[in-house]
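Novice: Quick one: structure below, then a few questions.
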Amino acid sequence: MLTDPFYNYSITLLVILITGGTALLLSRQRIQAYRASRLLTLLLLSVLLQAVLPLVKAPIAQSLMDGLLLAIAPLFLLHLRSLLGDWLSKGRDGYHFTAFAVWSVVSLFPAQGAVHQTSWYALFPELFMLTYLGGSYLYLQGRVESLVQIRSRIPMGKIRWAKISLILLGLFALCSAAADGLAIQAAAESQPLFFALAQGMTVLVAIGLAGIGLTLERPVVPVDLQEEAFLLLIADRSDPEPEDIRENATLFKTLDATMQSEKYFFDDDLRLNQLADLMHQPPRAISRAIHHVGGQTFFDYVNGYRALSAQVLIDDPEKQLTLDEVHKASNIESRMVFNKTFKRLTGSAPTAYYKLNNGTTD
């Protein structure tokens with residue numbers, strides 16, 4: 001381990017402040033009612049413990065540090081699943097922590113810590129973590145691509161921080177694996193460097209996870225079985241038949257007119273099945289019309305109307321709303337989505353457009 005106590009204590013203090021502070025804020029906010037937030041709190045506390053254990057001189061500390069990797073990776077995946085509307089079951093999802101439980105029990109036996117650190121078996125936690133992170137990345141990409149077809153509210157700001165955290169966790173695992181590998185080969189000169197890098201990555205991981213927690217967006221409302229089944233149906237985006245093209249165009253025109261008159265987009269969590277019921281059409285028909293005629297996802301289509309409503313508010317001289325009030329009135333929860341959608345439709349960022357029309361963003 002690195003011999004510079006100042007570096008060790010500095011890293012530990014930073015991680016404690018970041019993870020502990022974020023976990024405390026989450027526990028005091030209403031958002032803690034969401035399971036995704038509770039899982040994130042556990043994840044933050046696991047990273048905190050990961051930073052504290054290097055200061056413990058007991059032989060079991062290193063083994064517990066490795067074992068925590070077997071818990072952090074599944075916690076991150078389960079947090080993503082909860083954040084993106086997957087139903088979670090304690091009984092069904094507990095198997096993710098089998099490796100952590102076995103490792104923890106084995107670590108309690110005398111001399112097992114020394115065995116772990118002198119054999120290639122020591123790399124198992126890092127390889128396990130990298131495997132889970134790879135699975136988490138594939139899940140995140142696929143899930144978001146599916147959700148944009150059926151939901152108009154997705155926590156894109158949190159997702160951006162989740163992607164950053166995923167990369168940082170991967171770099172942490174690689175640095176930790178390099179340090180363990182060099183320790184096994186008795187490469188005393190290089191091993192402390194990678195251990196120091198792994199410790200430094202712990203701070204960055206803590207910042208990434210704190211970013212998820214402090215971004216004020218709600219998790220996706222759990223996707224019910226009917227919606228999950230529909231996601232499988234819309235996976236096939238084959239070209240429509242000639243008669244379908246006419247039907248799609250007619251339906252899209254009707255949908256556009258209805259959205260403008262009834263303003264269904266003011267429902268901040270409008271879903272495809274809800275819009276289909278309001279239009280007295282099957283969800284697949286609405287989805288195909290938006291996709292084949294509008295060339296958009298359901299998410300972009302609905303948020304486009306919300307962004308245009310924000311433009312109307314900015315242009316109205318009698319409203320005199322601040323940009324924050326305009327954003328709130330648009331019913332786009334994510335500021336990132338608001339900025340991106342507004343710029344896509346108007347050609348200007350909301351801040352620039354607001355200044356052009358009002359002279360200030362206050």
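Going from the start of the chain as shown, residues are counted 1 onward.
Note: Cβ is positioned from N, Cα and C throughout, glycine not excepted.
Automatic, uncurated: that is what TrEMBL annotation is.
Positions annotated as domain 'HTH araC/xylS-type' by TrEMBL: 249-356. As annotated by TrEMBL, transmembrane segment applies to 6-27, 39-56, 120-140, 161-187, 193-216.
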Novice: Taking the transmembrane segment (6-27) as reference, which of 39-56, 120-140, 161-187, 193-216 has the most Cβ pairs under 8 angstroms?
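Specialist: It is 39-56 that shares the most Cβ pairs under 8 Å with the transmembrane segment (6-27).
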Novice: Write out how many residues of the domain 'HTH araC/xylS-type' (249-356) are helix, how many strand and how many coil, based on DSSP.
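Specialist: Counting residues per DSSP class in the domain 'HTH araC/xylS-type' (249-356), I get 79 helix, 1 strand, 28 coil.
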Novice: What is the average pLDDT across the domain 'HTH araC/xylS-type' (249-356)?
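Specialist: Mean pLDDT, the domain 'HTH araC/xylS-type' (249-356): 92.
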